[in-house]
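Remarks on the structure that follows.
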Amino acid sequence: MKALIFLAFLGAAVALPLDDDDDKIVGGYTCQKNSLPYQVSLNAGYHFCGGSLINSQWVVSAAHCYKSRIQVRLGEHNIDVVEGGEQFIDAAKIIRHPSYNANTFDNDIMLIKLNSPATLNSRVSTVSLPRSCGSSGTKCLVSGWGNTLSSGTNYPSLLQCLDAPVLSDSSCKSSYPGKITSNMFCLGFLEGGKDSCQGDSGGPVVCNGQLQGVVSWGYGCAQKGKPGVYTKVCNYVNWIQQTVAAN
């Protein structure tokens, strides 16, 4: 899901909730198998969003990815085949941020507690929460099983990766006048061609080994002047830690 008219990052839509599709990577490359052991697939009989494992029993995703029942699939690369080493664990608790706004996508973050702890190994491991916020120009890695086409649909079986920079607040806000809150940032390329897309929603943006972003929304995918918009995880570290401790 991408959101925002298709905003396509996570599947909802900020201005016009037009499409509840999830996002996928456009213009990226197939990730090295099991090289992103923190990446999870959220499954409801089908892949619908991504997420990030932050400890053995908790996953960070996007609030717009909420479903009442979710199975978290860890250790995945080809989501259409059981390759061996995957772990499928049902969600015990699904907690959206209390201030999430489905119209604006502000506070688009959600925590999922696994029914039982994941077994951590070379294929399934955690990503660190940010120690500080990312800065403009920082190179990051976005990943997911979302749509790979900016026009049309092609959902990949294999996890896709995209290397992309954090954009300045000014260029982000000028791309989406009046829609970027202090809890959002843009990442990608103003010239278009590379972006997250439907199906990538909820998935990770990792910069220097830290989870800085969650795929949230955008206007279409990989459109010129319309970069992807991401939830700024650094603003939620306290909420995440407090929620995990209380549940």
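Cβ atoms here come from the backbone N, Cα and C positions, even for glycine.
Annotation source Swiss-Prot lists signal peptide at 1-15.
Positions annotated as disulfide bond by Swiss-Prot, on the basis of sequence analysis: Cys31-Cys161 (among others). The Cβ neighbour count for Cys161 (disulfide bond), using a 10 Å radius over every protein chain in view, is 18. According to its DSSP assignment, Cys161 (disulfide bond) is in a strand.
Residues or ranges marked as disulfide bond in Swiss-Prot (evidence: sequence analysis): Cys49-Cys65 (among others). Secondary structure at Cys65 (disulfide bond), as computed by DSSP, is helix. Packing around Cys65 (disulfide bond) is summarised by its Cβ count: 32 other Cβ atoms lie within 10 angstroms of its Cβ, all protein chains included.
Residues or ranges marked as active site, charge relay system in Swiss-Prot: His64 (among others). Here the Cβ of His64 (active site, charge relay system) has 34 other Cβ atoms within 10 Å, regardless of which shown protein chain they belong to.
Positions annotated as active site, charge relay system by Swiss-Prot: Asp108 (among others). Secondary structure at Asp108 (active site, charge relay system), as computed by DSSP, is coil.
Cys133 (disulfide bond) carries neither a helix nor a strand DSSP state and counts as coil. The disulfide bond annotation in Swiss-Prot covers Cys133-Cys234 (among others).
Residues or ranges marked as disulfide bond by Swiss-Prot on the basis of sequence analysis: Cys140-Cys207 (among others). In the three-state DSSP assignment, the secondary structure recorded for Cys207 (disulfide bond) is strand.
Here Swiss-Prot flags Cys172-Cys186 (among others) as disulfide bond, drawing on sequence analysis. According to DSSP, Cys172 (disulfide bond) sits within a helical segment.
For Asp195 (site 'Required for specificity'), other Cβ atoms within 10 Å of its Cβ number 33. The site 'Required for specificity' annotation in Swiss-Prot covers Asp195.
Under the heading disulfide bond, Swiss-Prot lists Cys197-Cys221 (among others). Following the DSSP three-state reduction, the secondary structure of Cys221 (disulfide bond) is coil.
Residues or ranges marked as active site, charge relay system in Swiss-Prot: Ser201 (among others).
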Shortest C-alpha distance to Asp108 (active site, charge relay system) - which of the recorded positions His64, Cys65, Cys172: His64
Winner by Cβ contact number (other Cβ atoms within 10 Å) across the disulfide-bonded residues Cys140, Cys197, Cys234: Cys197
Residue pair His64 (active site, charge relay system), Cys197 (disulfide bond) - Cα distance, angstrom, rounded: 14
Cα-proximity to Cys65 (disulfide bond), 10 Å cut-off, over recorded positions Cys31, Cys140, Cys197, Ser201, Cys234: Ser201
